[in-house]
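Chemist: Before I ask anything, here is the structure I am working with.
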Ligand SMILES: NC(=O)c1ccc[n+]([C@@H]2O[C@H](COP(=O)([O-])OP(=O)(O)OC[C@H]3O[C@@H](n4cnc5c(N)ncnc54)[C@H](OP(=O)(O)O)[C@@H]3O)[C@@H](O)[C@H]2O)c1
């Protein structure tokens with residue numbers, strides 16, 4: 001399962017597939033799920049203030065028997081309860097029960113208050129204080145990254161973004177920009193073609209490849225993420241699926257196979273745009289007819 005670690009611009013290494021705790025809720029559920037992920041071989045846990053289960057993730061990590069340096073912990077500043085970055089990281093460390101996190105991200109550019117340069121200075125201080133090994137961002141666009149880099153002393157190590165074939169064309173400029181500036185792209189929700197848009201054009205190449213390679217469709221999509229040079233941030237409640245996710249690290253797609261998935265994704269996003277446009281036009285037409293009807 002060679003999801004080989006990647007070297008960040010901070011000099012630290014990051015495992016290239018992560019188990020995420022979004023939507024896992026609280027209590028024993030998330031503890032058991034993080035425990036299950038670690039037991040099958042995940043050594044990167046992705047959480048956030050906003051997920052409200054850092055404490056559960058921390059419990060599972062501590063109970064796993066892994067030493068602190070054997071597990072990579074990402075958490076995010078989500079502006080929870082209006083708290084500032086300095087207070088939030090202290091709370092996250094307390095919740096997780098650790099003295100540092102490996103990667104701390106600003107969850108969204110709108111949380112970088114009062115502005116990106118000022119918020120980033122606060123993030124840089126956390127590195128100097130040894131509370132976080134690397135700092136990065138999430139959901140940042142090219143302009144946000146440019147503003148940040150213009151005054152940064154420490155460049156962001158990663159940008160965690162939505163990345164699946166239906167949004168690939170839209171996200172490509174961010175990916176290119178990140179590559180040029182040695183910022184690692186982390187892909188979240190890569191399985192949306194299966195979870196939220198089954199029956200779309202991406203199903204065709206993904207199913208064909210799954211059959212040809214004798215793997216599951218989710219493995220094809222994770223192999224596609226890997227082929228794009230991104231770190232996969234995913235999740236599953238099922239042990240066998242988690243094992244398949246790890247095994248997907250062995251799949252190498254050809255240029256032709258990647259291009260087929262990209263093309264299906266682009267076709268799907270055009271269809272979605274057309275559908276949206278049609279419903280907006282229909283809505284506008286109905287509104288006009290209603291107004292005309294009311295006047296008569
Ligand atoms: N930075 C951000 O703003 C942000 C936003 C969203 C997410 N994230 C991070 O990314 C992580 C993953 O997000 P996500 O849940 O959206 O990711 P995802 O990897 O796209 O989806 C994971 C889900 O896919 C399901 N799945 C896998 N294979 C499937 C198949 N063949 N058919 C149907 N369903 C299938 C799994 O269900 P089962 O449980 O049934 O296996 C699981 O719930 C989050 O936990 C979080 O850490 C970050």
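Backbone N, Cα and C define each Cβ position, glycine as well.
Reproduced below are the annotations present in TrEMBL:
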ACT_SITE  51  active site, proton donor
BINDING   107  substrate binding site
DOMAIN    17-264  domain 'NADP-dependent oxidoreductase'
SITE      76  site 'Lowers pKa of active site Tyr'
TRANSMEM  276-294  transmembrane segment
Chemist: Could you tell me the C-alpha distance between the residue listed as 'substrate binding site' and the residue listed as 'active site, proton donor' in angstrom, no decimals?
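Modeler: The residue listed as 'substrate binding site' to the residue listed as 'active site, proton donor', Cα-Cα distance: 11 Å.
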Chemist: Indicate whether the residue listed as 'substrate binding site' is helix, strand or coil by DSSP.
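Modeler: Once the DSSP labels are grouped into three classes, the residue listed as 'substrate binding site' ends up as coil.
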Chemist: So among the recorded positions 76, 107, who's got the most Cβ atoms within 10 Å?
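Modeler: By the 10 Å Cβ neighbour count, 76 comes out on top.
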Chemist: What is the separation, in Å, between the Cα atoms of the residue listed as 'active site, proton donor' and residue 76 (site 'Lowers pKa of active site Tyr')?
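Modeler: Rounded to the nearest whole number, the Cα-Cα distance is 9 Å.
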Chemist: Note down the number of other Cβ atoms within 10 Å of the Cβ of residue 51 (active site, proton donor), including every protein chain shown.
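Modeler: The answer is 23 other Cβ atoms.
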Chemist: Mind looking up the mean pLDDT for the domain 'NADP-dependent oxidoreductase' (17-264) in the predicted model?
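Modeler: Mean per-residue confidence for the domain 'NADP-dependent oxidoreductase' (17-264): 98 out of 100.
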